[in-house]
Amino acid sequence: MIASTGKTNLLGLTQQEMEKFFDSIGEKRFRAGQVMKWIHHFGVDDFDAMTNVSKALREKLKACAEVRGPEVVSEDISSDGTRKWVVRVESGSCVETVYIPQGKRGTLCVSSQAGCALDCSFCSTGKQGFNSNLTAAEVIGQVWIANKSFGSVPATVDRAITNVVMMGMGEPLLNFDNVIAAMHLMMDDLGYGISKRRVTLSTSGVVPMIDELSKHIDVSLALSLHAPNDALRNQLVPINKKYPLKMLLESCRRYMSSLGEKRVLTIEYTMLKDINDKVEHAVEMIELLKDTPCKINLIPFNPFPHSGYERPSNNAIRRFQDLLHQAGYNVTVRTTRGEDIDAACGQLVGQVMDRTRRSERYIAVRELSAEADAAPVAVTRT
């Protein structure tokens, strides 16, 4: 466990919170903007490096405040350029952050919790259970660490990180306040200045918090659907028993409508061999989503040992995609990235594994995938 210093961690404070902090120590509010730029634009965690701040104020800040991100345990780089950081948070748990480069775009996949309580049956993160919510500093700290790793300072110039998705470990809407604060920092010009269209929150379907979301922020929304009917989704995504599909999709439509723009819901659908990849599932999905403006992202399952699931054949994936296309949907198939460093979708487990264990796991993944049809899939990259 990382020992607490008792000082105020400025890393996770929004502009409004930072201004209140400077009020509380008897300083002018404009200091908030100065300090935020040093922290987020330049990656500075040493008050003495803040050269446009008076020495007296720097000494005052050192006495009562700090800039402290999660502890970097390891950084791995995949053969395809994907990067994964394992970071330790104050609770002592480890979480993972993944960067996916693609042309001029670089997407950072950020975790919101250590572990996850939702226990989706095909997700390795859920297998470890729930450990703790991350603080706002620990959520935005993942962006801060990645940005510094790329040397992208100031953060708004020639940025490596163009998009952020809250699709890492955990259910973001079950850590609502801290995730909202972190997303505001992602979009704030004093933070990382990322467009609201390029910040996406992914949820498994916590309906009351989807309804609450529009009161606080207007980021893009992705729904982890994974099944076209309640009976199957109850098995794959147990929270569906509490918030079934009709209720869930209604809440998503309300949120998208509240944005007042031509923005659509992203549907995420992990494809599992002989479970949810059949023609009848595609037909059900077409009917289910007919009143929901959306784009669909098909995610071939990334196997992990003892999951009990397999990746569908390429023919099955292509057939499913074609049926949805023919019905008029915009459909993409997600390219698996970072599989050799356990950074692929559904593989994030927050464990610090030695090289031997990682190699064994990678071999197991390849063996589980061996039966998949070798025919190429026509992939539209997102």
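Glycine is treated like the rest: Cβ placed from N, Cα and C.
Remember, it's a predicted structure, so these values are computed and weren't measured experimentally.
Feature list (source: Swiss-Prot):
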type     : residues                                               : note
ACT_SITE : Glu96                                                  : active site, proton acceptor
ACT_SITE : Cys345                                                 : active site, S-methylcysteine intermediate
BINDING  : Cys116, Cys120, Cys123                                 : [4Fe-4S] cluster binding site
BINDING  : Gly170, Glu171, Ser202, Ser224, Leu225, His226, Asn302 : S-adenosyl-L-methionine binding site
DISULFID : Cys109-Cys345                                          : disulfide bond
DOMAIN   : 102-342                                                : domain 'Radical SAM core'
Message: Looking at the domain 'Radical SAM core' (102-342) alone, can you tell me the average pLDDT?
response: 92
Statement: Around the Cβ of Cys116 ([4Fe-4S] cluster binding site), other Cβ atoms found within 10 Å total 26
- prompt: Hey, what's the widest CA-to-CA gap across Gly170, Glu171, Ser202, Ser224, Leu225, His226, Asn302, the S-adenosyl-L-methionine contacts in the record, in Å?
  reply: 19
Statement: What DSSP gives for Cys116 ([4Fe-4S] cluster binding site), in three states, is coil
Message: Taking DSSP as the reference, which of helix, strand or coil describes Leu225 (S-adenosyl-L-methionine binding site)?
response: coil
- prompt: Relative to the Cβ position of Cys120 ([4Fe-4S] cluster binding site), how many further Cβ atoms are located within 10 Å?
  reply: 23
Query: Out of Ser202, Ser224, Asn302, which has the highest number of nearby Cβ atoms, where nearby means within 10 Å of its Cβ, if these are the binding-site residues?
result: Asn302
Message: Please report the Cα separation of Cys109 (disulfide bond) and Cys120 ([4Fe-4S] cluster binding site) in Å, rounded to an integer.
response: 19
Query: CA-CA, which of the recorded positions Glu96, Cys116, Cys120, Cys123 lies nearest Glu171 (S-adenosyl-L-methionine binding site)?
result: Cys116
Message: To the nearest Å, how far is the Cα of Ser224 (S-adenosyl-L-methionine binding site) from the Cα of the residue listed as 'active site, proton acceptor'?
response: 19
- prompt: Across all chains shown, how many C-beta atoms besides its own are within 10 angstroms of the C-beta of Cys123 ([4Fe-4S] cluster binding site)?
  reply: 25
- prompt: Gly170 (S-adenosyl-L-methionine binding site): which of the recorded positions Glu96, Cys116, Cys120 is the nearest Cα neighbour?
  reply: Cys116
- prompt: Do you know which of the recorded positions Cys109, Leu225 has the most other C-beta atoms within 10 angstroms of its C-beta?
  reply: Leu225
- prompt: Rounded to the nearest angstrom, how far is the Cα of the residue listed as 'active site, proton acceptor' from the Cα of Leu225 (S-adenosyl-L-methionine binding site)?
  reply: 23
